[in-house]
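TrEMBL annotations:
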type    : residues                       : note
BINDING : 26, 27, 28, 29, 30, 31, 32, 33 : ATP binding site
DOMAIN  : 5-457                          : domain 'UvrD-like helicase ATP-binding'
DOMAIN  : 458-764                        : domain 'UvrD-like helicase C-terminal'
């Protein structure tokens, strides 16, 4: 320490406890890194006698390279500070010596430490000390190749187990499942379950269910808000009849008995019968206060429908399903084990180790009895082991830490720092329970804490303490501010964008459900931040004085960046500069796609799709029309590039692009076998100027950094497999398909900009103003993927609703996930130094639906901000502002899209030219229409002729028989078509919203209420008058169709295509139409289980059932051309072409003779000629 360093009492206790091991629980913002640095240097300080150690006797372990660098840099800076104030010569020499050798300090990630340990004890570990360490990407590539090779071998051998698994899951899904399972450590599962029988597996499930699942579920049930509400009402009293008092007393008795009951379903059945207000003592007249009755009624309904009925305790057990899933799980485990052994052999052949190998071999070296001597030498040579972020460890890592310190680890030599409340990395294997167990194993005097917060003002900490005081399993220690509150109160804001039923024309019509709500909230947030900045209110503390908020003070923290573009657009609209940091969507970036398309095209001349992607991308930037002419003239893109002949239809600029692309691909293919992958990729970038192109785009620096990251990945692969282009392409293809959590390349935020990032990326950071938006976001639905669990064995989901081992695992996972999501909210809130905004769209403040909003609602009144929770003694009640009105921004909204509106620019220029204020430049003026040169003709069914317009329009037939509608029939037809399209868009998914992407679908087909809701939503965007009437009629028509046999066939179809666009060469209709093209849109095309294709077209004509045959005659030519288009695309004609008239709900199937077809051909030709000669 320097003479000016002042420690808090908690810090001093942690530094003075050098004679004992310490588990330090460091709250958010409490200076844990500072304490780690000081503890490390306390052993090297020449001014103190104890504790002392040499630099190589100190080991510091972190979990990321960035954290290791930060710790080393902190120690170096602290050494410089001590050197500056040192007066004695010997002290100065000591600090200078330490600075010289500091790079040799044993400060590293746990994987790097294990790698060094294994190399220094290679003989004992039975390893070649020259082994290479595989990074995650290289390990994945080797694992994928091994998996594919082994699956291919087993399938060629017709392995019965593999064939059965492939039949059950589908071959591609089986491979996908194995990829996920092999990416995790299988050693524990293999050791426990590989030789098990199905009966043993089922017995383990039932034992787990009785011993663990039931207690967990009962506790979860008792903690549920509806149960607590019911309990509160029953305890309140206010009964007008003794029988009601007895009724409520029995409910309370059941809730008390549940935790100890041997048969909980019996009590839950009784609770369901009591949780009603009809047919029992809870009727309305037995309550003194009507509001109590209503509260009891609502709570009962929520308990019955939202808690008990959804409980896993009511899932049936089916012996057949138990046997089936146990057998399938064991077969899958055997296959995964077989592939894992092949993977081990592949690693041995290459002398490489992956991260799991490093951990397990190091663990074996430190724990196996035969290595006791090596373990003792290592423990004797380590005086102090420091571990940062200890809450993110797993069981193997904890055992490693203990072994490094020797048998006396609990007594001395260990200093671990962490905060269980900030453990948010379960997806990496972190288990906060194991770190908590180690802490509890130490004596009380070794369990120390840091609670003085150096980051946030008191107002923020008061809110955090009030919100989380009883949220975690371990005892909560309130955070205390280290400075006085300086900014005005309140410093917490609840910011609710209320989503009512009123139509908001400012929201794009194509947005639906949660997307629409999110758009509204994003606009609220952007305007609030703009107003905050423009107001110049002093809300930020800097150098102990107040100043206004700047853009660079603000961070917007998301759970996921899936919908971040909505918020980006809203910020741009307000003219706010921002920087998107981190994220895990590296393999979803367009520049990654572009490079993959390029390399796949270089590898294979047969990959036309990748070649099209590369040519159309900024690598070559050819136009869509160019691609069309290349294929049209040469039948393939590859043949077009190889052809020496130019295409007269291409402009000189486009022809130059094609020539450049051809030369580039030729050079890359010529040199691909001579260059390393990184060198080939670098050459491709040089030849195309792709890096310069990316730099000129929006977020160009980020895109360029991603490109450089790809080059680095290629360079890493080259170190293991030099020049393995096909391997790199395989790896990149797999990662694009699976989208693993790989962060985008890091770039530095420049200037005064708002930061946007995930909460995970924000961990360890702090910002003056923090916004946590999208609180109403629903949790993602659980995947139906198999899992391997050491306690439950290999698990696959059942094919019905019965309960199997997989369900028990998911139940436990749900509870763990709920706990981590609360920790994630804690991390988000504790990033704020001066001001915190919690934001969300929400329909009803009294009925929040997401877990975070429900959690807030239990402690605060969402409408007023008042704290309604009973706070422990000594806690301060936070002050909270609630905003529900859209903020007023003085800024003029900017365009959400970037760039000029070229059409408006041309229109303005033409007007100026007419007024003699300028001239229209050559090439910008109106191009005269040359009808004879027209090649594409849009197909429509008006009067049986071809028309120029592209929009589908339908005639009104039979108006005499049916009253004409009071809305435009053509607009109505388009409207109904869109409703039907949406009805089948998400077939097989659960909803359109968070569960999918829209609030209307409940099952494969819409319910009646869904149809009405969708029609009411879409009608205003299609019709200008009598919207409600049109929506009601459309709902009736669509609902009738959805109940028809035809709709059921579509719902169960093997393949269902909607709104299929086609471009049919005219020569397929008649030689006289050569060079012409017919384009149109087919309403529906589907393939049944037998493989036959069916063509379907909807009609909303005003006809009766008797008038259908006559009305159908008007569409003969349309169905004829549609059939030709299908035959051209599919290679076979549809087995039927059907017109479905929605108003009478009558079908008309078309069967045309050759004579009729010839007549229709003449009609098509005549219609085209009429259009060409029309004036």
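Including glycine, each Cβ sits where the backbone N, Cα and C put it.
TrEMBL labels come from automatic prediction, so no person has curated them.
Within 10 Å of the Cβ of residue 27 (ATP binding site) there are 26 other Cβ atoms, across all protein chains. According to its DSSP assignment, residue 32 (ATP binding site) is helical. Report note: the ATP site is defined by 26, 27, 28, 29, 30, 31, 32, 33, and the residues of the same chain whose CB lies within 8 Å of the CB centroid of those residues, excluding them, are 419, 450, 453, 454. On the 0 to 100 pLDDT scale, the domain 'UvrD-like helicase ATP-binding' (5-457) averages 91 in the predicted structure. The Cβ of residue 33 (ATP binding site) has 16 other Cβ atoms within 10 Å, all protein chains considered. The most densely surrounded of the binding-site residues 26, 28, judged by C-beta neighbours within 10 angstroms, is 26. In the three-state DSSP scheme, residue 27 (ATP binding site) falls into the coil class. Set side by side, the binding-site residues 29, 31 differ in how many other CB atoms lie within 10 angstroms of their CB, and the most is found at 29. The local packing around residue 30 (ATP binding site), expressed as other Cβ atoms within 10 Å of its Cβ over all shown chains, amounts to 26. Sequence-distant neighbours of residue 32 (ATP binding site) (same chain, 6+ residues apart, CB-CB distance under 8 A): 24, 26, 388, 417, 419, 450.
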